[in-house]
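First comes the structure, then the notes that go with it.
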Amino acid sequence: MVKICCIGAGYVGGPTMAVIALKCPSIQVVVVDISVSRITAWNSEQLPIYEPGLEDIVKQSRGKNLFFSTDVEKNVAEADIIFVSVNTPTKTQGLGAGRAADLTYWESAARMIADVSTSNKIVVEKSTVPVKTAEAIEKILSFNSKGINYQILSNPEFLAEGTAIQDLFNPDRVLIGGRETPDGQKAIQTLKGVYAHWVPEDRIITTNLWSAELSKLAANAFLAQRISSVNAMSALCEATGADVSQVSHAVGKDTRIGSKFLNASVGFGGSCFQKDILNLVYICECNGLPEVANYWKQVIKVNDYQKKRFVNRVVSSMFNTVSGKKIAILGFAFKKDTGDTRETPAIDVCKELLRDRARLSIYDPQVTVDQIQRDLSMDKFDWDHPVHLQPMSPGTVKKVSIVWDVYEAARDAHAICILTEWDEFKTLDYQRIFDNMQKPAFVFDGRNIVNVKKLREIGFIVYSIGKPLDPWIKDMPAVA
């Protein structure tokens, strides 16, 4: 029986291995992690991450050919194929701080693999890593090989949270990069054989190592670029009276462009987009390409500008002060159908409002109280380190309450900020909410999901990103 071990039981490792186990019953799959609490959760009824469909898949295979363990070294030693899905945070100090990826955890994993291995291994990069990481890993393994043959493959993930299981079942493509040597090509075919259990062969793309590593960074940069492009256009729409939804619809009808990722919002979030672009910027700088680096930097700058612009619109509309005012925050996850808060725009928006001394009441159907408190108290990039290495969270962040009832969040509030596009926010009883709010009552829709006309008829002053401005708001321009 082929044995697969995945180092890292997070958002990528857990779901990916669960699907491989389900689709390949003849393969034993073990997911290992040094975090006892995380592995305990994977073995319980309450999984450590929320993803539609994941729970059913784990339950079907767990205990049969899918296992979760803290015995890292034993399972690595026994595996034929080792997926490495560890954190690759942005460096916060030293060379490349604020841009370069920190490969500390990757190097530790490689050294541990070299220490415990007694048979040939295929080592698969599943984490998003800088171009040429495979070369560094090869050197670590080869200098400590003890006669063992290691083949390094790059197999980047292209999952979108909220649809990860669907993406794994029916991927646009599976990308496998390896060395252009006989052993390298053999390793590629071995991994290709795993995915071929359910993925059509024409969707399994094979490349050299560097193309696979760079393709992941490029894909995320292109997607983030589209979001920043439409968000930049949303500011112009507000200034001119155009409607960004109509503009993006018209633009998206061009088959060369397409309609995906053209929804204006308060900004993009998630664990990958910003981190990968910063990584791309650093690689460009290191290779003497400052013009290319500056081009991609602008995608991040527009995203930061959009969040700042949103906060400025909130404050300026409410008589230029939110001090002491209760603001209901609806949604904290970076997108709907996930409990993931990494780089969510809600963090920056909430922190800015708190700096202006607002009182926040936060509701999200999937994000825990502890996670919100941690996010609002941590420094940038701290989230991307393993939980046991993150700073301890203080008990509470002042002037923040976290509630499990959306109507309670909005009670006596001066304003509502919609920061995640949860479907339930489209069908709330906004008349009931309006009746229990301070007046004038404001709705700042950071996801363009509410019926603006209906809310204005109820009596709300409504701001939707990139839409023609409410007369009230037009009289109080935001200075970004």
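Note that Cβ sites are derived from N, Cα and C of the backbone, with glycine treated the same way.
Automatic, uncurated: that is what TrEMBL annotation is.
Look at TrEMBL and you will find Cys272 tagged as active site, nucleophile. Positions annotated as NAD(+) binding site by TrEMBL: 8-13, Asp33, Arg38, 86-90, 127-128, Glu161, 272-275, Arg342. Here TrEMBL flags 328-452 as domain 'UDP-glucose/GDP-mannose dehydrogenase C-terminal'.
In terms of DSSP helix, strand and coil, the domain 'UDP-glucose/GDP-mannose dehydrogenase C-terminal' (328-452) has 42 helix, 19 strand, 64 coil.
The separation of Cys272 (active site, nucleophile) from Tyr11 (NAD(+) binding site), Cα to Cα, is 12 Å. In this structure the alpha carbons, written CA, of Asp33 (NAD(+) binding site) and Cys272 (active site, nucleophile) are 21 Å apart. Residue density at Thr90 (NAD(+) binding site): 20 other Cβ atoms are found within 10 A of its Cβ, drawing on all protein chains shown. Listed binding-site residues: Gly8, Asn87, Glu161, Gln274. The one with the lowest count of other Cβ atoms within 10 Å of its Cβ is Asn87.
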